[in-house]
Amino acid sequence: MLTRLKAKSEGKLAKQICRVVLDHFEKQYSKELGDAWNTVRDILISPSCWQYAILLNRFNYSFELEKDLHLKGYHTLFQGSLPYYPKSMRCYLSRTPDRMPSERHQIGNLKKYYLLNAASLLPVLALELRDGEKVLDLCAAPGGKSIALLQCAYPGYLHCNERDSLRLRWLRQTLESFIPQPLVNVIKVSELDGREMGDAQPEMFDKVLVDAPCSNDRSWLFSSDSQKATWRISQRRNLPILQLELLRSAIKALRPGGLLVYSTCTLSKAENQDVISEILNSYTNIMPVDIKEMARTCSQDFTFAPTGQECGLLVIPDKGKAWGPMYVAKLKKSWTT
């Protein structure tokens, strides 16, 4: 019976794959990733293979939950020694595509854990957040990376910005579900166009995260409306323009000496390496920060594709490590202009 149900649900999911998007990805990514694309594609089109990491909420810690995860064979992320890995962050992975149920949002009750793609913690860790710092999460909804940042350290000030009003509501609810009231007082939530943030708050922040709008490969593949999917693909070439504008704004908002991390959840070279190369070529005060060590330390949990950049990593979904796509680049603003 269970096998029949599983086959039925997999058949249903398979029907929902958008052919237009898959054909587009096939053309682009077989060129950009070579043979690796075959494995990546097989995982992206099979949600039954997807894995979900469990990020424990330090503000409502459950010893029982942690014990239960150990008993079920979950292991902690980054068992290797990352140069920066705060003890307060606890994230558990299963080698199998097991999925814990999501907790319901209840006003006044903090959730115990957050389900996420484990690769989305890499940009957060790359920021090397310290207590007391001023931090900007420029494109913050739905809020997972903001939650993860707060598992790492207690910022002096965290500014979460989201331009889209529907996604902004989602962000507020996420923060309400995970963060205790005293800490909420050091968090500001705004609805600015991220491209205006640099002018509004110049050189205000020690650390800036730009988790940019991108052609989200996982969700695009399951577009139910093929007309909308075709339109999205035609608009895809405009995304690097927006991403560059957001980065330029973020650079203005970053203080000299501060760190900036750029991330996307697409495999697209045009939205990843090309965007960062353009920034490095057009600023004399923005320096690449080598993060190859992060890839070396994390190779037991993630598979990385070569990016040709010391400051950029690309996590690609693989068998038994179905995390990503996730591109992460780390930059520093120097004191000289």
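Glycine is treated like the rest: Cβ placed from N, Cα and C.
As annotated by TrEMBL, active site, nucleophile applies to CYS265.
Sequence-distant neighbours of GLY143 (S-adenosyl-L-methionine binding site) (same chain, six or more apart, CB under 8 Å from its CB) are CYS160, TRP170, LEU171, GLN173, THR174, LEU175, PHE178, listed in sequence order. Residues annotated as S-adenosyl-L-methionine binding site in TrEMBL: CYS139, ALA140, ALA141, PRO142, GLY143, GLY144, LYS145, GLU162, ASP193, ASP211.
Positions annotated as domain 'SAM-dependent MTase RsmB/NOP-type' by TrEMBL: 44-334.
Calculated from their C-alpha atoms, the gap between CYS265 (active site, nucleophile) and LYS145 (S-adenosyl-L-methionine binding site) amounts to 13 Å. In the predicted model, the domain 'SAM-dependent MTase RsmB/NOP-type' (44-334) shows an average pLDDT of 93.
Cβ environment of LYS145 (S-adenosyl-L-methionine binding site): SER120, PRO123, VAL124, ASP137, LEU209, ASP211 lie under 8 Å away, each six or more residues apart in the same chain.
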